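A quick write-up on the structure given underneath.
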Amino acid sequence: MKTTTMSQLRQWKQEKRKFATLTAYDASFAQLFAEQGIQVLLVGDSLGMTLQGFDSTLPVTVADVAYHTRAVRRGAPHCLLLADMPFMSYATPELAFTHAAELMRAGANMVKLEGGSWLCDTIRMLAERAVPVCGHLGLTPQSVNIFGGYKVQGREEVAANQLLQDAIALEQAGAQLLVLECVPVELAQRVTEELTIPVIGIGAGNVTDGQILVMHDALGITGGHTPKFSKNFLAHSAGDIRAAIKLYIEEVEGGIYPAEEHTFQ
């Protein structure tokens, strides 16, 4: 099996070929996802909520993410593997480089940072030192206390224009990939068309180059509130996890998921 690379993702964008991604936190699920055809995985700081039982991602540490990154890498050696930089782990460019290096040594191919134009110096520093970066705009969970909860971002014209400018700035600083979370579909389309780098959506409609879901949401095992953008693929697959993942991939690649009911206007 060939290793998935950023060059492939850029080619997929040019070919308008959509791709599906998932979060993963251990070797067993990572292997299962890879065997069904998932080629990009994220060790998300969402592990703080899905695995550790916290009510936000803020308590997650770099050591936590590194531990799970090593496990996922062992289970899916050929996937393009992203690792989240936890809250305050990139407060300065120097701190970001130290922690990014730790995650790269753990097996990540790329690190993901949440934030807008203020991150450009950090992204530039990392890119110059051979650390690939994925940006993250829209609803950035590490900023939950500023947002006052998990709310759709970019609905007002001023906010939408700022997000678009932030996306352009992140790409110019050296980001190779962008995650866009919980934004109106019209804004997601503007960002996806404006950028030359691939854009992965979550709660951003079916107009982005790729889609990502937290694995627990895709399998319908999330306790409590279920996000509007999520779909329980396991329930549509007679309880067969492998079939559920294949269905997720098929619906993303076919532009079926996310449907209108999963989309914000």
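Even glycines carry a Cβ here, placed using N, Cα and C.
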Of the candidates ASP26, ASP64, ASP84, which does Swiss-Prot annotate as part of the 3-methyl-2-oxobutanoate site that also includes ASP45, SER46, LYS112?
ASP84
Around the Mg(2+) site formed by ASP45, ASP84, GLU114, list the extra residues of the same chain whose Cβ is within 8 Å of the site's Cβ centroid.
GLY44, SER46, THR57, VAL60, MET85, PRO86, PHE87, LYS112, LEU113, HIS136, PRO141, GLN142
Local Cβ density at ASP84 (Mg(2+) binding site) - other Cβ atoms counted within 10 Å:
32
Work out how many Å separate LYS112 (3-methyl-2-oxobutanoate binding site) and ASP45 (Mg(2+) binding site) at their Cα atoms, rounded off.
10
For the recorded positions ASP45, GLU181, which Cβ has the most other Cβ atoms within 10 Å, all shown protein chains included?
ASP45
